[in-house]
Amino acid sequence: MAELLYRLGRASARRARTVLAAWLAVLVLAGAAFVAFGGSLASSFSIPGTPTAEVTERLQTALPEASGGSGTVVFVTEDGSAFTPEQEAEISDRLAAAEDVDGVETAVDPFATQAELADQRQQVEDGRTQIEAGRTQIEDGRTQLAAGQEQIDAARTQLDQGQTQLDAARAQAEAAGALDQAAPQLDAQQAELDAGRAELDAQAAALDKQVTALEDQSTTLEEQSAQLEASAPLLEMASEIRMVSEDGSAAVASVAFTEPNMSIEQQTKDDLVAVFTDDPVEGVQTDFSSDITQGVPQVFGVGEAIGLVVAAIVLVVMLGTLVGAGLPILTALIGVGIGALAAMSLSGVVEMSSVTPVLGLMLGLAVGIDYSLFIVNRHRRQLKQGDEVLESIALANGTSGNAVVFAGATVLIALLALNVTGIPFLGLMGTVGALCVAIAVLIAVTLTPALLSMIGTRILSRRERAALAGAAGAAPGETDTAADTASSGTTAPDGTKPVRPMSTLRAVGTALLAVVALGVIALPALDLRTNLPDGSSEAHDSTQYRAYSTIAEQFGEGTNGPLLVVADLPGEPTEAEALEYQVQVARSLFALDDVVAVAPIGTSADRTVAAFQVIPAEGPTSESTEALVHALRDVEAPDGKASLGVAGSASGNIDISDKLAQALPIYLAVVVGLSLVILVLVFRSVFVPVVATLGFILSYFAALGGVVAIYQWGWLSGVFGVETPGPILNFLPTILVGILFGLAMDYQLFLGSGMREAYAHGAPARVAITQGLRAGRSVVTAAAIIMISVFGGFVFSHSAMIRPIGFALAFGVLVDAFVVRMLLVPALMHLVGDKAWWLPRWLDRILPDVDVEGAALERRHPHHPDGDAGADDAGSATTDPGATEPEPARG
């Protein structure tokens with residue numbers, strides 16, 4: 001690999017303009033691809049197979065109108081008074097116009113909806129009053145009918161008595177033998193009695209009809225009452241849901257989209273916002289929830305610019321020339337431009353979150369500067385030793401460039417390993433990040449040599465060029481001394497600075513202090529809570545925050561994160577049965593703790609699926625809402641006749657957090673295992689890989705501890721602009737593993753390889769540690785400061801998602817580079833001495849020699865400061881004054 005990179009660097013230097021033109025052409029092509037194929041970026045995340053995703057898929061089939069994405073538009077009067085009729089009418093007109101936007105399903109008029117809710121509640125009260133009046137009338141009718149029945153019964157009694165008297169008179173007449181004489185009178189009386197009975201029978205029949213009619217009325221009335229009382233509980237359980245605040249000064253309009261949140265076009269969101277902002281309602285402030293306004297985070301703001309300025313200052317101080325300082329920044333900008341545009345051009349065919357390209361840009365910019373710096377620094381050192389420009393460029397590319405390729409490969413593998421988590425959006429983040437890093441590596445080993453060739457000796461400062469020119473005119477012995485002095489700054493008589501190992505006491509104290517300090521910093525990580533940020537995490541001057549806070553103050557915090565509960569009803573219920581099931585399910589939901597309101601959304605056409613909106617007591621990222629989601633999934637439906645599922649953005653975010661928490665240990669194990677394999681291969685040691693890996697774990701948890709302390713607990717919130725502390729971005733712990741691991745291995749590689757090289761050249765183990773540390777700490781310090789500056793610039797990003805990522809990476813690099821790599825690892829290596837480089841013989845035999853530092857290349861292409869530096873085949877290597885031939889690795 002080193003020889004290949006040597007030739008690549010030499011070829012790039014000879015054809016510098018061609019290489020530069022080629023990379024600029026690639027940049028243009030990436031931009032064209034983005035314009036031609038780029039799609040929208042989503043502000044939300046989803047994972048297939050989660051409970052929320054399964055419920056959402058079921059809704060898309062059963063209730064497609066309830067399965068699309070949604071957002072909220074908030075209206076507030078500027079003077080705090082109630083809306084005027086004119087303002088209400090204008091807002092209603094804007095919402096009607098919003099429904100004409102392509103991709104918008106409905107935009108609910110809050111005033112009409114609030115009036116409908118009030119009318120429905122009034123209708124229930126009026127219905128109850130009417131039913132009570134009807135019941136009173138029926139009772140009065142029953143009383144009257146009972147009185148009539150009593151009269152009929154009394155008349156029948158009189159008739160029966162008359163019949164008895166008549167029958168007695170007839171018997172007396174017959175006994176007296178005067179029946180014939182009395183018969184006409186008796187028959188007439190009998191006829192009167194029979195006529196009376198007939199009249200009573202008719203009256204009784206009429207009374208029975210009235211009773212039947214009255215009972216029919218009573219049955220109908222009770223049926224109406226049952227229907228009214230069946231629907232009334234649904235209204236009562238939804239009574240806390242309002243569209244217009246009680247004082248009439250605020251209103252919320254729910255906007256439903258035709259597509260799920262992840263698939264909503266950015267153009268749809270922009271057009272929707274434009275409906276309200278292009279022609280604002282006088283005296284009314286309009287704000288929008290994060291679902292509507294959150295798009296691509298701002299890439300370069302003030303913070304990011306300051307980060308680049310700091311990086312430039314570090315480069316100027318280290319390299320001593322503006323030209324040299326600008327070169328790594330230029331190559332990095334070209335690289336991230338290509339990477340970010342290429343990644344975003346894929347957004348038209350894959351679902352990509354708005355954070356993904358920014359993360360790739362952040363990482364590509366940091367490593368792009370560092371990787372170019374490593375090669376530039378090696379080239380400068382060789383020039384000051386007297387090497388010819390072209391040969392120095394090629395040799396720097398074959399040595400430091402080889403280390404860059406190896407370091408970049410470790411970052412690539414760690415990022416691509418994110419795909420093993422099985423989480424699509426996280427795997428895509430890793431892939432995009434890996435793409436940006438790969439481009440940074442390619443640019444470092446091709447464009448950097450080309451630009452170095454175009455710059456020539458101007459990569460050195462005027463003072464350094466003058467010293468080099470003076471050394472070129474001196475005697476050969478003087479040349480060596482001058483070159484040595486220029487390159488190493490030593491003062492000892494033999495041209496080398498005396499190297500003394502650290503004391504054992506100092507090593508013990510350093511190791512203990514570092515471990516204790518990192519442990520203390522990591523303690524807050526034990527309280528880590530994850531979720532996606534909501535509107536409360538946004539900047540206080542943002543429309544998202546204003547919308548969130550208005551809703552929380554006027555309508556309750558839970559209104560910012562409603563839950564969607566879906567019930568599968570048994571069999572094929574009738575309309576009445578479906579309503580009964582709805583009421584039963586709603587009561588079960590309403591009985592749970594932290595439930596403020598439950599409202600039915602609708603049922604499927606076959607009445608087998610019913611959907612409900614559940615308003616929790618607190619916001620979507622609160623612990624109580626998270627507990628409520630799990631409680632809703634565990635609730636037992638009445639009589640076991642319905643199965644329940646939970647969806648909605650709050651539920652989806654909780655599911656994503658749970659899934660990520662499950663994937664993190666697996667991914668961490670993969671990365672740790674990878675770390676051990678790579679470091680054993682590079683350092684041919686067992687102890688160094690184990691210590692370096694444990695150091696990475698300490699750095700990782702220290703970074704998490706810092707994030708929790710600031711972004712969750714609110715420590716130093718004013719310094720870092722954390723206006724509302726809350727849960728940590730749910731995918732941050734996982735993405736931090738991949739990125740921080742790669743960067744930690746970079747620093748371990750550049751420092752540890754110097755120690756290994758000194759040990760292999762015969763230096764005592766403890767002395768070799770100090771030599772390697774001295775040789776690499778300046779460039780690693782500069783590289784770390786640059787990374788901290790670049791990542792730190794994103795700490796003040798406008799995006800609530802980007803800020804904690806920037807801090808975690810900046811703080812992680814700070815801890816890992818300056819505490820773990822420069823203090824802890826050297827101290828522990830000092831304590832074990834030669835055992836730090838022990839390797840089982842059988843393993844030593846099978847491991848390939850990766851030669852990361854390109855020592856073999858230096859032997860094949862020796863320095864020629866006095867002669868033809870371009871010769872490829874000459875003499876023996878003299879990489880450093882007084883260097884001896886490398887001894888075989890001890891172990």
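Yeah, the Cβs are placed from backbone N, Cα and C, and that goes for glycine too.
Unlike curated records, TrEMBL annotations are generated automatically.
Checking the ranges 471-500, 531-560 against TrEMBL, the region 'Disordered' annotation falls on 471-500.
Remark: the transmembrane segment (299-320) contacts the transmembrane segment (779-801), by the rule of 3 or more CB pairs under 8 A. Same-chain residues lying 6+ beyond the ends of the transmembrane segment (690-711) with a Cβ under 8 Å from its Cβ atoms: 515, 518-519, 521-525, 527-528, 672, 675-676, 679, 717, 720, 722, 725-726, 728, 732-733, 736-737, 740-741, 744-745, 748, 752, 803-804, 807-809, 811-812, 815-816, 819-821, 824-825, 828-829. Away from its own ends, the transmembrane segment (807-832) comes close to residues 362, 366, 501-502, 504, 506-508, 510-511, 514-515, 517-518, 521, 687-688, 691-692, 695-696, 698-700, 702-704, 706-707, 710-711, 720, 732, 736, 739-740, 743-744, 747-748, 751-752, 755, 765-766, 769-770, 773, 777, 780-781, 783-784, 787-788, 791-792, 795 of its chain (Cβ-Cβ under 8 Å, at least six residues beyond either end). Non-local neighbours of the transmembrane segment (731-751) in the same chain are 45, 359, 363, 366-367, 370, 374, 403, 406-407, 410-412, 414-415, 417-418, 421, 423, 425-426, 429-430, 433, 437, 528, 530, 656, 660, 663-664, 667-668, 671, 674-675, 678-679, 682, 692, 695-696, 699-700, 703-704, 707, 772-773, 776-777, 779-780, 783-784, 787, 804-805, 808-809, 812-813, 816-817, 820-822, 825, 852; each lies 6+ residues outside the stretch with a CB under 8 Å from one of its CB atoms. Note: the domain 'SSD' (322-454) comprises 121 helix, 1 strand, 11 coil (DSSP; helix = H, G, I, strand = E, B).
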